[in-house]
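Below is one structure; the comments refer to it alone.
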Amino acid sequence: MPKSKMNIQVLPEHKLSSVAPLKQCNVEKKEVELILVKDQNGVQYTSSSIIPTPGCHAGPPGSASEEDREIWGKKLDFLLSVIGFAVDLANVWRFPYLCYKNGGGAFLIPYILFLVIAGMPLFYMELALGQYNREGAATVWKICPVFKGVGYTVILIALYVGFYYNVIIAWSLHYLFSSMTSELPWLRCDNAWNSQNCTDPKTINGSIIGNGTSYAKYKITPAAEYYERGVLHLHESKGIQDLGLPRWELTLCLVVVVFILYFSLWKGVKSSGKVVYITATMPYVVLFVLLIRGVTLPGAMNGIRAYLHIDLKRLNNLEVWIDAATQIFYSLGAGFGVLIAFASYNKFDNNCYRDALLTSTVNCITSFLSGFAIFSVLGYMAFKHGVNIEDVATEGAGLVFIIYPEAISTLPGSTFWAIVFFIMLLTLGIDSAMGGMEAVLTGLTDDFKILKRNRKLFTFATAFGTFLFALLCTTNGGIYVLTLLDKYAAGTSILFAVLIEAIGVSWFYGVDRFSEDVERMMGFKPGLYWRLCWKFVSPAFLLFVVIASTLTSSGLNYDDYTFPDWSNVIGWGVAMSSMLFVPIYAMYKFFSVPGTLRERIAYCITPEHEHHLVAEGNVRQFKLSHWLAI
């Protein structure tokens with residue numbers, strides 16, 4: 001908006017508060033005046049604007065106008081960023097194993113069910129919430145101020161995840177550098193890091209392993225020893241109480257990762273939106289190449305058949321449903337504040353409904369297809385050692401840093417295949433880490449304007465801070481710290497945060513009002529299905545996952561190592577440190593607003609632009625019709 005058209009006018013407080021977004025877009029162009037209110041040094045600024053008929057570009061009350069807030073350079077920048085964040089290492093190292101373990105094709109039944117009734121609705125809700133309000137995870141709660149603590153909770157969780165997730169990316173980078181040799185370092189036993197027990201994989205078969213030990217747990221192969229002794233130096237640590245100093249090789253790799261993140265994010269979405277053209281698309285190219293190579297290996301079809309076998313009896317096991325629910329939740333990435341942050345840079349009339357369906361579907365299809373690339377190679381490994389698929393099937397770091405690299409090392413052109421594979425892991429990790437850090441940056445810069453004015457400096461401070469904490473995970477016992485953070489930093493706490501978020505949006509703000517917001521953006525109201533999911537199904541789903549994860553939670557272990565009790569106490573302390581923001585901020589908000597008990601409650605649960613209604617005694621949330629509305 002040209003500065004020459006800006007008027008400065010001090011308005012009475014009751015008029016300022018009553019500004020509301022336009023409910024209809026089909027109005028005459030010259031009859032509409034949009035009042036944008038900004039508060040600087042006690043003076044309210046208002047400005048007139050013409051609203052075009054084709055689309056309604058007016059934001060919500062108090063939000064940044066499109067001229068003020070940065071937007072994505074292209075629509076594809078946003079889509080690739082969301083896909084890149086959602087499609088991460090877990091799509092490759094967790095879903096295929098869960099599918100195999102829980103009945104193969106039968107596992108897709110609860111998986112798709114939870115995708116449709118909870119995953120997609122939550123994904124859609126977060127995109128619409130961020131896009132309409134044009135704010136990060138904390139300030140978006142101007143719609144219901146008492147829940148702002150949820151924003152701080154998810155921001156802190158995203159920060160915690162960065163502490164250890166960046167280290168996993170550093171491992172991938174370390175392996176990538178190590179692969180650039182004529183012979184892969186994990187092919188033989190005659191290296192400085194190998195133990196006396198190191199055994200040539202060619203001599204290992206089912207009869208030698210015996211004792212019910214699977215090949216995946218056989219930790220004296222060259223690949224296993226390279227990971228645990230050559231990279232992690234785990235043999236030099238006695239446990240979490242004996243960490244040692246950071247390993248210089250991993251520290252250098254971590255420095256590179258942090259610099260990549262910094263220079264991808266320092267200019268906001270204008271820079272990160274370009275990086276994802278590589279990081280979000282490269283994994284698909286590599287996955288396709290690995291799949292083509294995998295299915296040509298002997299035994300590959302046996303692996304794929306094991307992956308897709310259908311065992312409907314497994315559906316009688318509650319654990320299968322819990323696995324499906326948690327995988328859908330973590331896979332889509334709702335609740336980390338990332339989707340809200342990314343969507344806040346969209347144009348106001350962007351069709352986020354279509355985006356939610358597209359990106360969540362792409363994520364789940366990627367998980368399914370990656371299983372073919374993984375299990376074709378696992379079938380080859382089983383064939384090579386004369387064991388069953390279940391003996392080589394595993395998940396997590398053991399799959400991508402031990403089993404898969406070992407299989408690659410036996411192929412012609414192994415150096416090429418290793419480089420390609422670890423480039424895929426690196427790019428899968430980078431764009432997900434970018435999303436997590438962007439959630440922190442957007443959430444805090446929207447809340448504290450001094451940080452927004454110094455975005456580059458704040459980005460550097462955040463990246464450097466995560467680097468310092470991540471150094472704990474590069475020590476000899478760093479894997480123990482990483483395991484603890486992986487379990488507690490984003491476990492129960494993130495489930496709790498999203499449950500409160502769903503309740504805050506669907507019940508306190510109101511599904512009907514939220515649906516009206518969506519209609520203002522896109523011109524159509526969400527269907528009854530989505531509204532029912534938001535109000536009843538998604539909160540019930542999240543409550544189920546919270547209870548199930550709590551009841552099935554066990555003590556902390558890493559292979560045969562059992563963590564001491566005090567480490568579990570520290571873990572719960574990490575989890576509680578983020579969750580406590582919800583009740584603490586709620587109490588702070590309650591005691592910081594004026595009025596009687598009833599008025600304080602009203603101010604806490606009424607959108608900020610409607611606070612004038614509290615003084616008039618017209619509080620929507622105090623009416624039964626609000627709670628019954630859908």
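The backbone N, Cα and C atoms fix where each Cβ goes, and this holds for glycine too.
According to TrEMBL, the Na(+) binding site annotation covers Gly84, Ala86, Val87, Asn91, Ser331, Asn363, Leu428, Asp431, Ser432. Per TrEMBL, disulfide bond is recorded for Cys189-Cys198. According to TrEMBL, the feature transmembrane segment maps to 78-96, 108-129, 150-177, 245-263, 275-295, 328-345, 357-383, 416-436, 457-482, 488-511, 532-549, 569-588.
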Contacting positions for the transmembrane segment (245-263) when only residues 6+ beyond its ends and CB under 8 Å are counted:
166-167, 169-171, 173-174, 177, 231, 233, 271, 430, 433-434, 437, 459-460, 463-464, 466-467, 470-471, 474-476, 478
Any residues 6+ beyond the ends of the transmembrane segment (532-549) with a Cβ under 8 Å from its own?
114, 117-118, 121-122, 125, 318, 322, 325-326, 329, 491-492, 495-496, 498-499, 502-503, 505-507, 511, 514, 630
Any chance you could find the range in 108-129, 275-295, 416-436, 457-482, 488-511 with the most Cβ pairs under 8 Å to the transmembrane segment (78-96)?
416-436
So, taking each listed stretch (108-129, 275-295, 357-383, 457-482, 569-588) in turn and counting its Cβ pairs to the transmembrane segment (488-511) that are under 8 angstroms, which one gives the highest count?
569-588
What residues in the same chain, six or more past the boundaries of the transmembrane segment (457-482), come closer than 8 Å to it by Cβ-Cβ distance?
159, 162-164, 166-168, 170, 232-234, 236-240, 242-247, 250-251, 254-255, 258-259, 261-262, 265-266, 437, 440-441, 444-445, 451, 558, 561, 563, 567
Given the binding-site residues Ser331, Leu428, Ser432, which one's Cα is the least distant from that of Cys189 (disulfide bond)?
Leu428
Relative to the mean position of the Cβ atoms of Gly84, Ala86, Val87, Asn91, Ser331, Asn363, Leu428, Asp431, Ser432, the recorded Na(+) site, which additional same-chain residues have Cβ within 8 Å?
Ile83, Phe85, Asp88, Ala90, Pro283, Gly333, Thr366
Range from 275-295, 328-345, 357-383 with the greatest count of C-beta pairs under 8 A to the transmembrane segment (416-436):
275-295
Apart from its near flanks, which chain residues at least 6 from the ends of the transmembrane segment (275-295) lie with a Cβ under 8 angstroms of it?
77, 80-81, 83-84, 87, 92, 264, 301, 304, 366, 369-370, 372-373, 376-377, 380, 411, 417, 420-421, 423-424, 427-428, 430-431, 434
